[in-house]
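Q: Summarising the annotation, TrEMBL assigns compositional bias 'Basic and acidic residues' to B:1-11. Per TrEMBL, region 'Disordered' is recorded for B:1-53, B:97-128. Residues or ranges marked as transmembrane segment in TrEMBL: B:55-81. Marked as compositional bias 'Polar residues' by TrEMBL: B:112-128. TrEMBL lists B:His187 with the feature active site, proton donor/acceptor. The active site, acyl-thioester intermediate annotation in TrEMBL covers B:Cys255.
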Amino acid sequence: MYAALWRVLPGPWWVRVLILIVVFAAITVALIMWVFPWFDQFVAPQDVTVGNQQ
Amino acid sequence: MAQGRDDHGGIEDLFPDDAGAETSPEGSAARSDADPAATVASTDRRRRPAKKRRLSVVGVAGELLITAGVLVLMFLGWQLWLDDQLSAPRLKNEATGLSQQWDKDAQKPTAAPSQPASDISQNPPVQTAPKNAERFALLAIPRFGTDFYRPIAEGVSVSQVLNKYEVGHYPSTQMPGDIGNFVIASHRSAYGGALHRIHELEVGDHIFIETQDGWYQYSFRNLEYVKPTGVGVLDPVPQQDGVAATQRLLTLTTCNPFYSTAERIIGYSVFDKFTPRADGPPKEIAATVNGGS
């Protein structure tokens, strides 16, 4: 999968590395801004109160 | 470098110019034994299985699993650390906005009861309890830094208050400045992690609760560790059920240890004095209250 991705990228190796770094950074920002906050609702809520207050 | 590329098989064809420049003893020995035609044939043979490997279900599944693992680790890093760092300035701005709104409201003639200053300092006004999930107070703790400024909302529902990055007030407990116990809860980490550093509080550290009326200053006294069922900390006199309160207390509750819900860590504070909004913020938190504008 990733080998195939490497093959379809254009240019010499350093251009490919540069493209991958930019793509990875963009994906990370998208995860932090939208995906993680959205996914958070599916994580079992932790009760931090005393007595079962929820 | 050449040896490293050789190990990956399929990547070699990305560097056609390098193919003849093998320096490893293995590679040069193999080449010198074979005639040029055989070398081409062997290269072709090496490429075909590499292409098959790229398409293999197991290979793709493995890469997807590794990707999923990295995503889970990134999510945990975000939830337990990065998100708290990113949300702290946002929450401080919201707290500052609320404080400035209260400043404006106080300038209207109807606000602020006219009591003698000496009296109000020790007999502070007490608000009536707000609606669920409504922000009614702000928390400032100089020990946590001048940037620490968080809204407090009514209720301790995990889904409606605490997971919305709020510090929550136990509705069964008293309001700030009232005789008895004003108890608030927060996450230790994640969702703002307001009380992350509760264990760093030292005896005498000031904790400020700001409302529309002004600033209630409390002094930190001690920590206690209880089980999640330890509702005694909510009593007007903590751990003494049915005893009538004479003191004004502030109690912080959160999780202990870090990243666990096995125990609760409780921080008790006693009331010092009240500063009306008209007098401006106490010096100790002036930078916190005024700094964010």
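Cβ atoms are placed via backbone N, Cα and C, with glycine included.
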Q: Under 8 Å between C-beta atoms and at least six apart in sequence, can you list the same-chain neighbours of B:Cys255 (active site, acyl-thioester intermediate), or say none if there are none?
A: B:His187, B:Arg188, B:Ser189, B:Thr261, B:Glu263, B:Arg264, B:Ile265
Q: Including all protein chains displayed, how many Cβ atoms other than that of B:His187 (active site, proton donor/acceptor) lie within 10 Å of its Cβ?
A: 23
